[in-house]
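A quick write-up on the structure given underneath.
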Amino acid sequence: PSGASGSLAGPKSLLGYDPVFAREVPDHSDVDFTLAPGQSEDADLGLYIDLTKAHNPQPIRGGTQKPTDPGPRNMAYERINSDLFLPPNSDAGDVPNAVWPLGLSHNRHGQAGAGWARQQNTDELPIATAMAGVDMRLEPYAYRELHWHKQDEWSLILNGSVRISSVNEAGQTTIDDLVAGDVWFFPAGVPHNIQAKEYGVEFLLVFDDGSFSEDNTFLVSELFERNPKSVLAKNFRTDVSAFDDLPDGQLYIFPGTPLPANASEQNVTGPAGPIPKEESYTYHFSKQAAYEVPGGSVKIIDPLNFPIASNFSAALFTIEPGAMREIHWHTRSDEWSYFISGIARLTVFSAPESSRTFDFHPGDVGYVPVPNAHYIENVGTEPLVYLEMLLAGAYNDIS
């Protein structure tokens, strides 16, 4: 093109040694940097090093001068993953990556700004074979259209409030209003609808299959579009004209209209009646009192108090600054974790002699295969809150 110069390929005369190529080697030894607190301490202590305020942070542990890294670098990643950048001396061998920040996941938007969803599955975190997660936001009154999945769905509401409705195989129905901290569960194949209330809602979804993809959800709009209108009319015992205004393509997430204040005003109960309370798809986890211990608290929800979620067990931990979730491992299930607030680190020990330390921030997913030992330490200045998920009939660990 106009303005181009030079050639795409160099000459063969540049191959191999030639004394004429000798020249002064660029000097990168004078790297300007400052050490963060703890970097010069004994490396065997394995202290957490906060690099967020260090000038030009370097991978130094247990010294003051070396080793250095003149670049190229992505310093933002290094600052928030200091245990990978300058690992504690106790790290050894090879351990698969155990952290995925959902901020690096593709964000799929709904219609007209009505919301979004981003996910983590084995495409993002290959070691997480048993579980996958989705972070979803619905703007005020927006809908997640009626849908169902091939996998079981467990959900924790992160903020806001929502109205959900569903119908089971027996034709029994349910409707409920949930707020931040509450939980729902829908077995595979059970259709359900989600609508945000007046302030919108954000929720975390966990599925019992590491290869789950939000893009493979069964949507009622797609069901109608992928069947002949004559069949739809026969199925619903109505005229074909009733389907003249079907949406073109799936609705997925779309704007809605204000809700009646009381869920009972929207309730539609068929001849089979409501879903029995003991089989409820919702649990008001926000109202459950926490078990308090020195250094933090924990709330457990598993099939003992939420029977419908027959293979999902969870613990919601709060760990105070400087405290830790003791070294432990699980006997029946991998552990899938989601970090809600605070800063944590976790060392995974894998037999016979490997370990690696990872750092976690809000919005990160963690994964530890059974029965690898690990701890969670609060290395920040505010309470650490995180969710620990197991595929088990009861929450369990060995500490």
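Positions of Cβ are set from backbone N, Cα and C atoms, glycine also.
Glu388 (active site, proton donor) is surrounded by 22 other CB atoms, counting those within 10 A of its CB over all protein chains shown. For Glu388, the entry in TrEMBL reads active site, proton donor.
The Mn(2+) 1 binding site feature in TrEMBL is assigned to His147, His149, Glu153, His192.
Annotation comment: TrEMBL describes His328, His330, Glu335, His374 as Mn(2+) 2 binding site. A C-beta separation below 8 Å, combined with a sequence spacing of at least six in one chain, links His330 (Mn(2+) 2 binding site) to Val368, Val370, Pro371, Leu390, Ala392, Asn396, Asp397, Ile398.
Look at TrEMBL and you will find 102-244 (among others) tagged as domain 'Cupin type-1'. Across the domain 'Cupin type-1' (102-244), the model assigns an average pLDDT of 97.
Secondary structure by DSSP for the domain 'Cupin type-1' (283-399): 3 helix, 63 strand, 51 coil. Residues or ranges marked as domain 'Cupin type-1' by TrEMBL: 283-399 (among others).
Cβ environment of Glu335 (Mn(2+) 2 binding site): Gly366, Tyr367, Val368, Val370, His374, Glu388, Met389, Leu390 lie under 8 Å away, each six or more residues apart in the same chain.
The binding-site residues under consideration are His147, His192, His328, His374. Their Cβ neighbour counts within 10 Å are lowest for His328.
Long-range Cβ proximity for Glu153 (Mn(2+) 1 binding site), meaning a same-chain Cβ under 8 A and a gap of 6 or more residues, is found for Trp184, Phe185, Phe186, Ala188, Leu205, Val206, Phe207. Closest to His328 (Mn(2+) 2 binding site) in space, going by CA atoms and restricting to the binding-site residues His147, His149, His192, is His149.
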